[in-house]
Amino acid sequence: MAVAHGPVATSSPEQNGAVPSEATKKDQNLTRGNWGNQIEFVLTSVGYAVGLGNVWRFPYLCYRNGGGAFMFPYFIMLVFCGIPLFFMELSFGQFASQGCLGVWRISPMFKGVGYGMMVVSTYIGIYYNVVICIAFYYFFSSMTHVLPWAYCNNPWNTPDCAGVLDASNLTNGSRPTALSGNLSHLFNYTLQRTSPSEEYWRLYVLKLSDDIGDFGEVRLPLLGCLGVSWVVVFLCLIRGVKSSGKVVYFTATFPYVVLTILFVRGVTLEGAFTGIMYYLTPKWDKILEAKVWGDAASQIFYSLGCAWGGLITMASYNKFHNNCYRDSVIISITNCATSVYAGFVIFSILGFMANHLGVDVSRVADHGPGLAFVAYPEALTLLPISPLWSLLFFFMLILLGLGTQFCLLETLVTAIVDEVGNEWILQKKTYVTLGVAVAGFLLGIPLTSQAGIYWLLLMDNYAASFSLVVISCIMCVSIMYIYGHRNYFQDIQMMLGFPPPLFFQICWRFVSPTIIFFILIFTVIQYRPITYNHYQYPGWAVAIGFLMALSSVICIPLYALFQLCRTDGDTLLQRLKNATKPSRDWGPALLEHRTGRYAPTTTPSPEDGFEVQPLHPDKAQIPIVGSNGSSRLQDSRI
């Protein structure tokens, strides 16, 4: 995507992303903190964007929507919606050096968008860590000579269990071996029954109840693993981005090592090529279906983490002149390339399993928890040294989940700290992190009950679905049309040394909002009542799901009304104008960067359409302002 940057205004070397050593201290936010280096930010953002959905959702969508033909609408949506929205959120957070609440000094009436992002991140953070805890449980269960879901001779198995491997049918009692010959008859028989991996998942790990309202007992092994996962997340964030930035060197890179190991092992198996061809073979007639384009747009939108608040938060710890345009392109492409790569890993193993059973790949393909905890583990039992491959697979899932969970927790903590906005809360940030982690653990306990998986899927389907689309659409409109696209383009030029490329300007103003609106319409049209296997959710549960979805969106009009009521003005129109006008403390956080219309003055700047924070002309001071409007001035330590 070669697009000219346009005319470059007067800029220093640091404005192009390279901060010279003598200017490094001047570009650091000593009060709030920055990333140790830019690699930490890129790796953290990759870990945030590349999550479980890349492994268990994209490959399934690809083969269901035309195989290789799905790649065409997928990458079209990446270019015209994914990367532009990613760049917008990164530049938004980096320019203001504030989290998802503080950035709305740009237009205080829309601060409800930030609260909506917090609500979404809260929901996702609660259930996402439960998925990680289940991966921990499977990881620990894999530390054995024989995987516990390989056979049907366990206490929890039922007479309906029928597995590919069975100790009673082995020809060699000293070593587990696969049944010889064409196993299609066995698989057809199994279709009428249940696999050992499914019974292990449903009857042993979950002890699944019959109804979402029947919580039964809390599964203590899962509760323990949930505690482990929250402790790991807290320890990695104990010093904020300073500590998590070091952890991501491992958590963001090692999954690629595991993916590569599994890929090499997978493609050497008999039947792997068939699985990969099933994944990639294009069905070009599919691209004429609106559903395929809708799935492509939705997958791009959700997999990049747009409108969660995490991108704004992570970028807020960048140095002011960091080249976030470059970063957004790199991270977005890495995320999508990982999805495609994961598809090879998944379908090579599933192809091997289908070949072993003598059935079509579609009979063993699945997505979501069904892929991660039933289908793929079942396939791994067919491999020699299966516990080793199982350990690697679930360790990869744990790391992928943690990378996203770090940013979800940091989003909430940063929003709280920025909102209070005083030195005391900055000093107590570790305790804020601990408090949020403990609250997340307590709220996740019901999801470890016997009905927990029902609630987890309910939250996944409703809490972070169409609400994200609404939030993102309103964010685009408020920045481009309320604050003004010219103002925002000037802000980016001031920060990067060049304005956003013309392509991005067009996408932000017209193309991306249109695509977002299309996703919203598609989501509504394609809505189907949620089910889990053959279980139909009752109406009251679906109603709770819609309430969760609305709880984030409703923050936007409620806060807008609140802001209108507290804003001065003789008429409603005057109040509306004042409530949408940038606050006096909007702009770069550091005094050194407040140039042009943000330069410290003792009088308003009416020609720019909004006022800037007055600063004492004789003494360098940094405005320390809570996003609730309270402010104080602190002597600059720079």
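Glycine is treated like the rest: Cβ placed from N, Cα and C.
Model, not experiment: these values are computed from the prediction.
Taking N182, N578 one by one, Swiss-Prot attaches N-linked glycosylation site to N182. When the residues N29, N172 are compared with Swiss-Prot, the one annotated as N-linked glycosylation site is N172. The stretch from 41-61, 68-88, 438-458 that makes the most Cβ contacts under 8 Å with the transmembrane segment (339-359) is 41-61. Outside the transmembrane segment (218-238), and at least 6 residues removed from its termini, the chain residues within Cβ reach (under 8 Å) are 129-130, 132-134, 136-137, 140, 205-207, 244, 247, 251, 398, 402, 405-406, 409-410, 413, 430, 433-434, 437-438, 440-441, 444-445, 448-450, 452. Beyond the ends of the transmembrane segment (382-402), by six or more residues, the same chain brings 47, 50-52, 54-55, 128-129, 131-132, 135-136, 138-139, 142-147, 150, 164-165, 178, 229, 232-233, 236, 250-251, 254-255, 258-259, 261-262, 265, 269, 352-353, 356, 372, 376 to within a C-beta distance below 8 angstroms of the stretch. The transmembrane segment (292-312) is not in contact with the transmembrane segment (542-562), judged by fewer than 3 CB-CB distances under 8 Å for residue pairs 6 or more apart in sequence.
Counting same-chain residues at least six beyond the ends of the transmembrane segment (502-522), those with a Cβ under 8 angstroms from any Cβ of the stretch are 1, 3-4, 6, 77, 80-81, 84-85, 87-88, 290-291, 294, 297-298, 301, 466, 469-470, 472-473, 476-477, 479-480, 485, 489.
When the stretches 68-88, 120-140, 542-562 are ranked by Cβ pairs under 8 Å to the transmembrane segment (462-482), first place goes to 542-562.
Long-range contacts of the transmembrane segment (438-458) within the same chain, counting only residues at least 6 positions beyond its ends with a Cβ under 8 Å from a Cβ of the stretch, are 125-127, 129-131, 133, 206-209, 211-219, 222-223, 226-227, 230, 368-369, 409, 530, 532, 535, 537, 541, 544-545, 548. Sequence-distant contacts of the transmembrane segment (120-140) (same chain, at least 6 residues past either end, Cβ-Cβ under 8 Å): 52, 205, 221-222, 225-226, 228-230, 233, 307-310, 369, 372-373, 377, 390-391, 394-395, 397-398, 401-402, 404-405, 408-409, 411-412, 440-441, 443-444, 447-448, 452, 455-456, 459-460, 463-464, 467-468, 471, 548, 552.
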